[in-house]
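What TrEMBL says about this one:
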- 1-21: signal peptide (SIGNAL)
- 176-248: domain 'Cadherin' (DOMAIN)
- 249-366: domain 'Cadherin' (DOMAIN)
- 383-480: domain 'Cadherin' (DOMAIN)
- 481-588: domain 'Cadherin' (DOMAIN)
- 611-707: domain 'Cadherin' (DOMAIN)
């Protein structure tokens, strides 16, 4: 077969690597190695033995006397004229060949791309050679990165790539070994390498979405396992196939747009995800609205940006009127397609529900210009419900009504609250009305929304209404004035004394009615009232110290009844402030004291005076010994302050109980005195304990010695 070979030489960037430097006597400026690093050969048919394919440019800067060359494909070699020629007839070759030039001064690699030959793509020389080869090494292990497609069909195992061993020395027996994830690590056995040829195969299909690349190591050893070359790292990259549909994060999306929004208003953004390679069209998505439901007033009310997924309004603002649209919610079926939306792309769908929200573009209007109400005087509560219409969305601030009274209520007797269930205004009386003051009222009511109206809408005449309130007369009970009535009286005034005069009037001034008085509450039973005149007198003695008196005040309640039909009643309170009278004698506390026997000139107790009366009918108190003879020989009482005095024992007494008479006098005019006694227990004291007598006490007058004297006289 006739063969045509076109050789194209292209100088690429800088050299990948070189070993060795420029020696003494070398050409000035010479760089040892391949002067051109990359070559191209156009494949036009099978290669014939001995045919010149290209001439490499190699200079070790010392005359190239001992240069040897090795080629990654053993079917080729470099002759003495630096020509790359086949050693035998070859139907095809690997798409990339690597030539190694080695001398005492240079160790360099060049790449030859065979354009148009069958085989798999390989990595460039710069990708393969990651570092310098050992200086003056006789062989090199070249492992290109490999790319395979996911989801490939069998038969398996399937060849996917070739490792290269370039040797410039004597042939040596060696085997290829591969390690790493996918080889001898999980997933074990996915990739295998032919131990003799270095061919790499895959044993089953791979999934890029599970693992997008595998990093492995290849080395060569002798049959004893001794390392010869490597390990060399290479990567198997999994090429993506469009095997994943776009998926929306949510099965249904919701959004809102305000009625009357300008055309082009963004409603929401749809986002789908594709598990395929994001750097390929397999994951490039385009969005589209498949269907709008309902399709009125236009089937194209919304538009979706194909690339960004933004849903915007297309309908005119005047047509986007919530109150005139057939529905307030629209459902869109959204489709996302990969492959940038091409016909072969995979699709995923979801639903977007868009709600047309309300703005306050309708003022509330009363259903009637006039409302009427009837209310009994003296009563409170709701008297009428005011009804309004509002076309805005119920239960929103644009619909909820607020009512206010503009005029007709100077005394603020009325109040309006909004019923949250039906938006009605509940007009209530909060201060009882008086028929005699006014039997007819006219109120002007205004209604507004919680939200302000849009600028081009205002409140009209229908947003106000009039309420006529007619007050119905009832027989009102008498009213006491003042209430309460407060008077001051001295306690213990004579029975029948005048206390107060009650004053009750009938509010029904248009009718002449009589009033009768009676006692309703008189806890102590001290008072009586004249049923016609309303004068209050004492029926018993007033006692300030009574348990019915609180804070010197006694309270009674009276009732007044008119003669209307039916009769009406009213109550009034009388508070009597009682002034104190010195009618309670003072007394002494404590009434018991203890002292150890055989002690004297000690304080037995400090006693205080107490009085139910108030100053100046109480303290200061005068406390002194009783009038019995010889008390002052044993006891002594001295004043401590205006209310207390101390009792001292002047001589020691034996264990017994003694009654010490005392006289206490208050400061009232006239003063009151009280003869009292303090029981003094003389006890045996031992180790902080007191042993006291429980027998009857001795009088402090020493009745025992007196009885002894009388007994002696009788015996004589």
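Cβ atoms here come from the backbone N, Cα and C positions, even for glycine.
Bear in mind that TrEMBL entries carry predicted annotations, made automatically and left uncurated.
The domain 'Cadherin' (481-588) makes no contact with the domain 'Cadherin' (249-366), as judged by fewer than three Cβ pairs under 8 Å among residues 6 or more apart in sequence. The residues of the domain 'Cadherin' (383-480), classed with DSSP into helix (H, G, I), strand (E, B) and coil, number 3 helix, 44 strand, 51 coil. If you take every residue in the domain 'Cadherin' (383-480) and average the pLDDT, you get 91. Secondary structure of the domain 'Cadherin' (611-707) per DSSP, as helix, strand and coil residue counts: 9 helix, 44 strand, 44 coil. Secondary structure by DSSP for the domain 'Cadherin' (176-248): 0 helix, 37 strand, 36 coil.
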